[in-house]
């Protein structure tokens, strides 16, 4: 299918036109490799922390690396599958939640996603500001706000700018990651017993490491198709899953490996400082160079979080009161989300961010697992990709205001997960019996899929598909007319 790109002239017209609305065929563009670079360039300090968990629990380096490799793989599979939804529907990720939960029923999911986006931005801006203060000088709060401004600019210009920025940053990240990992591995800096498979293996810490890596990877699920929705609708599903998986898996695992190696060499130190110090072991200045390139990756991710958060915020507002999905509302929501998170990251106390705030993000990670299982089951098994774009946006469309099937499946799944959880301030009875192993995600995802599928067995899909076909019959001509008017 031939797809023409939208013409772009002038700075203002470089600002992305679409927000939560349908992306028409003539605006579709992109390459599969873009789905790798957009995710490979994403860096967040929490990835380093996740990689160091096994070391802190008493595992040696090799068992820690195996644990995060396995957990990251388990998390990558469902997350990357979401990428197929973008080209097929031409809609952002969170809008696609309406068919499963209803126009109002999905509000909780959207609020949860907005909090996670905002949380990543606050923590990222705070860490960015603190480290620039240490390495460059100046005021940490000022640097945090400057970081937020850059993220806001990237988000305002939107999809193309974010993809372009991440392509460039990916090159630098590949270079510094290869030099760091290879340099430490062949330079004799890693203790011999750190790579001995016969020593220090402990099943409980290993299982905790696997589970933590999986949980962290699942936190990316709610904005994957935001960055694939401009791809042509005939994009091969297997191919886009593969290319997305490559970016998601190898970037996160590489950062986790850096965190694990730094923690193994300098246990007990601050993870950022450890990465810088161990990088200088390879050659003087590498540590600072790594943090600089990592910072560019963090800026790109923050831009993506502001962008995805604004789309989710618009979706939530539109569900309560329909809005004109224009450039203006996208810019306003970006300024609101990006500005508030930059101020919070600059002025909230570090001890609050490192305790209460991270606990909140941890809880919301649990809350995302039931959503991803319901969403993917609906797309691939129940409705098999047959959705009406028009009905998704109707106040009284076929998907309803409250979808009891999705809400019930979500509730049952989360309740089933509770006994298996092992969080900072809570341990479920089954997790305690297993010695502290958290298997909530391994239980929750299949339970969510099965529960939702069973509840949808009596859904009249034949009739719904006829409505879908009729409702979207002339979707493309109408979209072109609306663009001409705009």
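Using N, Cα and C of the backbone, Cβ positions are placed for all residues, glycine too.
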Looking at 382-401, 402-421, which one is transmembrane segment according to TrEMBL? 402-421
If you count CB pairs under 8 A between the transmembrane segment (355-381) and each of 61-81, 140-159, 171-192, the winner is 61-81
Among 171-192, 204-228, 433-455, point out the range having the most Cβ pairs under 8 angstroms from the transmembrane segment (101-120). 204-228
Within the same chain, where does the transmembrane segment (433-455) have neighbours whose Cβ lies under 8 angstroms from its own Cβ atoms, ignoring anything closer than 6 residues to its ends? I mean 6 or more beyond. 74-75, 78, 100, 204, 207-208, 211-212, 214-215, 218, 366, 369-370, 372-374, 376-378, 381-382, 405-406, 408-410, 412-414, 416-418, 420-423, 427
Are there three or more C-beta pairs under 8 angstroms joining the transmembrane segment (329-349) and the transmembrane segment (204-228), sequence spacing 6 or more? no
Other same-chain positions with a Cβ less than 8 Å from the transmembrane segment (329-349) and lying at least 6 residues past its termini are 15-16, 19, 114, 117-118, 121-126, 128-129, 140-142, 144-145, 147-149, 151-152, 155-156, 158, 306-307, 309-311, 313-314, 317, 323, 357
Count, for each of 36-55, 61-81, 286-317, the Cβ pairs lying under 8 Å from the transmembrane segment (171-192), and report the range with the highest count. 286-317
